[in-house]
């Protein structure tokens, strides 16, 4: 048995001993995904954090995801195995900046992408993910919407509403790098393959896609599509799930440079050590958590 398998067995034993739940994002390393109780997108993981039984949640993702789990499951211990796994986009808007934006646009609703800090969620009216951004925006009674922090997701949602969407100027370092040239090269290499991209991509890339969806939406599309070849425009970690769950389908990365270094920081050693030590533990101050919980709860209630 190799070192990876030994570590995985040790983690599974510790998980049972500690009554822990292991959640992993679709962008995590394959060997981490393989031992998770659930691998999914941000919306699926948020719902799981709120509903799953257990004393401890080990969140294999980045910091804002673990914060969201701590907000939704205040009675559980939430661990983030790689303490330095952050999301640069989440740092592109602060609570203070959002308060100023509200003052500049009185009467506008604030929709925050889940890729934000707890403090920003606390200043927002409702949260969204890439899977439900359109329905969240359309659920609001206000006719103007401040959308933070991802400009690309905000502009994508604006295509499907009559509301005036005011997007922030944030972006995902991975998805914003895709260009129309990347699409052209991939289609030349794989003629006939459907192009499926994440809504965090630039508008000019989205315009060239056959389908646009969240990570789990991409998986469902590949599973149900009659086609057999797909060009996947999101972080390459999703290819592991696609290879396991879509037998007979061939999936190619839109760019092999689409790697989120922060999502890859979590290793099996980190997971094992977190279960042994009960650290690093993620907590959110009650005053912020209660306000952020309202914004997340409104999303989950849709």
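Placement of Cβ uses the backbone N, Cα and C atoms for every residue, glycine included.
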Check Swiss-Prot for me: it has 25, 42, 113, 114, 115, 130, 198, 199, 200 binding iminosuccinate, so pick out which one of 56, 141, 215 it puts in that same site.
-> 215
Joining 172, 260 at the [4Fe-4S] cluster site recorded in Swiss-Prot, out of 60, 87, is 87
For residue 200 (iminosuccinate binding site), the same-chain residues 6+ apart in sequence with C-beta under 8 angstroms from its C-beta are 130, 150, 152, 153, 171, 172, 174, 175, 176, 234
Rounding to whole Å, the Cα atoms of residue 260 ([4Fe-4S] cluster binding site) and residue 198 (iminosuccinate binding site) are apart by 14
Can you tell me how far the Cα of residue 87 ([4Fe-4S] cluster binding site) sits from the Cα of residue 115 (iminosuccinate binding site), in Å?
-> 7
By a 10 Å Cβ neighbour count, the lowest-scoring of the binding-site residues 25, 198 is 25
Once the chains shown are all counted, how many other Cβ atoms turn up within 10 Å of the Cβ of residue 172 ([4Fe-4S] cluster binding site)?
-> 26
